[in-house]
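Asks: Questions regarding the structure given below will be posed in turn.
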Ligand SMILES: O=c1[nH]c(=O)c2[nH]c(=O)[nH]c2[nH]1
């Protein structure tokens, strides 16, 4: 039997890079998933463990970050061409395939963005024991501020490595659910009895007002922690004056870590980030209007 090595390639897959162009007051956001696949004279790496022709996948990843830090990104076709041309300058590499996915973000403000698609409106209705409860919500509402977020003053113990930062990206995928105060005998939510009935609300207007309040509060809050942003979002929903009694928020902290480009002799002043997908912080809380009756049965299965 003659066993030979067939076609092969290798590379770093799914390099999640976020680039923030801060050269104008309106930040320009580029959110990419870059994969590199190289091939060439790599038989020895497979057959005899000789890595002398291997450009490490870690170096490939660093190159993607360094090119973005040094030249910016521009059109993904240009970025891919620059990278692929560079990789084939390595003598052992004869073929470079750079695949790029760009995620679209809609501008909400000079440094605030919303990811298009993936958002759903939700509703949870409970009728039991003569009572009616309506919970409305949103999930998958992905928001990002490219500045106006800091995180300092937290506990430091022997396991802490996180550095304090006064300027970071804040991004989350909002899951929020708000409970409509039931109507009381005189239509007043504060008068609701033990057997409340659902208000005769304009659900569509109520939804769009609450959803907009969430988005505006995220965008407009200078954040010292995602916890502070969460509370501002909860207050904003309850403040819409649409008979909302309580909002429950679940906010994953979609971490964006500043890439250390110093080893490549490049500065990185809040421009090139690694978008990490896990683990993530998960910030959750209920925000209530204390003047309205509680209704735990509206949330339980
Ligand atoms: O907004 C934040 N809240 C935290 O509780 C936390 N913890 C952490 O490591 N980073 C952050 N960010």
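A Cβ is built for glycine as well, from the same backbone N, Cα and C atoms used for every other residue.
Sharing the features that TrEMBL gives for it:
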ACT_SITE  12  active site, charge relay system
ACT_SITE  57  active site, charge relay system
ACT_SITE  255  active site, charge relay system
BINDING   57, 151, 168, 227, 253  5-hydroxyisourate binding site
BINDING   57, 253  O2 binding site
BINDING   57, 58, 151, 168, 227, 253  urate binding site
COMPBIAS  181-202  compositional bias 'Low complexity'
REGION    181-203  region 'Disordered'
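Show me how these features fit into the structure around them.
Replies: The number of other CB atoms found within 10 A of the CB of residue 12 (active site, charge relay system), across every protein chain shown, is 19.
In this structure, residue 57 (active site, charge relay system) is part of a helix by DSSP. Non-local contacts of residue 57 (active site, charge relay system) by the CB criterion (under 8 A, 6+ apart in sequence, same chain) comprise 10, 11, 12, 36.
Under 8 Å, Cβ to Cβ, and six or more positions away along its own chain, residue 255 (active site, charge relay system) finds 275, 276, 280, 281.
For residue 227 (5-hydroxyisourate binding site), the same-chain residues that are 6 or more apart in sequence and have a Cβ closer than 8 Å to its Cβ are 283, 285.
DSSP assigns residue 253 (5-hydroxyisourate binding site) to a strand.
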Asks: Taking just the CA atoms, what is the gap between residue 168 (5-hydroxyisourate binding site) and residue 58 (urate binding site) in Å?
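Replies: Cα to Cα, residue 168 (5-hydroxyisourate binding site) and residue 58 (urate binding site) are separated by 24 Å.
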Asks: Quick one: pull the CA-CA distance for residue 253 (5-hydroxyisourate binding site) versus residue 58 (urate binding site), whole Å only.
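Replies: Residue 58 (urate binding site) has its Cα 26 Å from the Cα of residue 253 (5-hydroxyisourate binding site).
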Asks: Between any two of 57, 151, 168, 227, 253, the residues recorded as binding 5-hydroxyisourate, what is the biggest Cα to Cα distance in Å?
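Replies: Taking every pair among 57, 151, 168, 227, 253, the longest Cα gap is 37 Å.
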Asks: Do you know which of the recorded positions 57, 58, 151, 168 end up with C-beta under 6 Å from ligand 1?
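Replies: Only 151 meet the Cβ criterion.
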Asks: At the level of the C-alpha atoms, what whole-angstrom distance separates residue 58 (urate binding site) and residue 151 (5-hydroxyisourate binding site)?
Replies: 29
